[in-house]
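Chemist: Annotations per TrEMBL:
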type   : residues  : note
REGION : B:1-22    : region 'Disordered'
DOMAIN : B:21-114  : domain 'OB-fold nucleic acid binding'
DOMAIN : B:137-358 : domain 'Exonuclease VII large subunit C-terminal'
DOMAIN : B:366-497 : domain 'Exonuclease VII large subunit C-terminal'
REGION : B:494-518 : region 'Disordered'
Amino acid sequence: MSEQAAAKPVDQMSFEEAIRELERVVGQLERGEVALDESIALYERGAALRARCEKKLQEAEEKVARITTDARGEPTGTAPLDG
Amino acid sequence: MDLFEDAPGPGEGEGGNAHEFTVSEISGAVKRTLESEFGWVKVRGEVGRVSRPRTGHIYFDLKDDRSCLAAVTWKGQAARLRHLPEEGMEVVATGRMTTFGPQSKYQLVVEDIRPAGAGALMAMLEERRKKLATEGLFDAARKRPLPFLPEVIGVVTSPTGAVIRDILHRLRDRFPRKVLVWPVAVQGRGSAEQVAAAIEGFNRLSRGGALPRPDVLIVARGGGSLEDLWGFNEEIVVRAAAGSAIPLISAVGHETDTTLIDHAADYRAPTPTAAAERAVPVRLDLMAATESFGARLAHAAGQGVAQRRQRLTDLGRALPRPETLLAGPQQRLDNLGDRLPGALRAATHRKAMELARLPLSPATLSARVRHDRRVVGELEGRGRAALTRQVERARERLARRTDALRPETMAVRLARLSERLDGLGARLRPALVTTEIARERARLESLDRLRETLGYEATLARGFAVVRAGDAVVTRAAEAERAPALELQFRDGRVTVGRGPAPRRKGGEPDEGQGTLL
């Protein structure tokens, strides 16, 4: 999971992937297990992940629609949901 | 009369005054009586054999432990039935009694049919649940994890009413999202088919299509009676929920109500509101968490540097001065330098001791030399004697040769050779050669005389002649006859004779030669 997430570009991550990776990065830094050079790279990655998370959180927009169907029950499009 | 007719005695004979019905009349009378008396009845019993021909009518039996009643639901009414009769179901059927004259039968025309009490319905539900469970539709292994933060949420429910409002409201509170509502009837006949079609319809949407494919589905309905919720127990709905590739949350009825779709769903929410809560996390919580992670990130990074700086300082402090590093080795060097001369002397002494212990002394050496010298002396004596002998032998051989080599012997030998030369010189005289020549000449003359006697010229002297024709010698008479002229050679010259008439012939071979001669 973390390896997969590490391979994926940050700007393509879902919120969940980004925040899990952020948690992992923070944990790694806090344990102080990494070399100094690496810790700088990790910090930068963590900052990018945090930005990604915040962006996904700001994309909170409500949009409600009702699916319209034809006589056979196949979806044809959307209409506003009344009431 | 009327009185008698109304109450005919049992003993009356067949030929009495009783009204005589035709079969149809009595059949019609029975029908009327039955329908008026039982125009609206409720009958409780167990459903027996059920038959549903293509006409759409439903024929079935209702029975108890002793009797059986034929029942029918006409096509138009069958579509409105909330529950269809299933064999073995305990039901209360409502309808009217009627007869079927052509076959002398009576039956109940059923308008409505309900399971007889909740217990019976629950028993049936349990049967169905077991059957679907054995197919594995409810297996935990089939359950998909719900997405943490879905972008699009699909809701299958009635587009009006409290349920969708509750869901939307709770979503808005927590994390506003895109919501697609697929409107369906959530009770009554046909609702199960609509719900199943909606689940399948959402699954058919493609991710990049005009309608966004939801990341999670909520199938919801408010509370109601067991019958009201019955559609969510139908097999078609359960199968659609189990087969959904999109994770599905069921929220049907109140917390205490359990329908079969709940078993097939990936997550069962007790209420529609709870479903919305399960579908999305709280945005503010996530923002706080992100914030917290950000703070920890900055702190951890700063801490990492600070810790390293501290450690560097500590280590720097612990680093010893160069002089102290050198002091130890220097002392060791001094110590060893002091010990070096003594050690050298001790080592020399030790070597001398070792040398003394070795079995090598001047006495043994000189004994050995004496021995060798003796050997050499002996060898020298033997060599000298052998050499003297050889020289003497050679000298003797030389003396012998020298004796043989004297002037007298040489002179004798020279005289002998000179003598032999004189002898040879005496034999070498001219007469030796001339005698030989005279002998060879005499031999030649005699040979020439022999030649002359053997030659034909000598023969000519004795009277013979040689006949020639031209240059060729003629030896045969036939040749002489053919030749135009003949030349005869005698001892003293040649004569040519012409050819005259043929000479006489006496026969005989010598004639030829004779003729020629004549």
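Backbone N, Cα and C atoms are what each Cβ position is placed from, and that goes for glycine too.
Just so you know, TrEMBL annotations never went through curation; they're auto-generated.
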Chemist: Mean pLDDT for the domain 'Exonuclease VII large subunit C-terminal' (B:366-497), as a whole number?
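Modeler: On average, pLDDT over the domain 'Exonuclease VII large subunit C-terminal' (B:366-497) sits at 84.
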Chemist: For a three-state summary based on DSSP, what are the helix, strand and coil counts in the domain 'Exonuclease VII large subunit C-terminal' (B:366-497)?
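Modeler: Per DSSP, the residues of the domain 'Exonuclease VII large subunit C-terminal' (B:366-497) fall into 96 helix, 15 strand, 21 coil.
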Chemist: Quick check on the domain 'OB-fold nucleic acid binding' (B:21-114): DSSP residue counts for helix, strand, coil, in that order please.
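Modeler: Across the domain 'OB-fold nucleic acid binding' (B:21-114), DSSP assigns the residues as follows: 22 helix, 44 strand, 28 coil.
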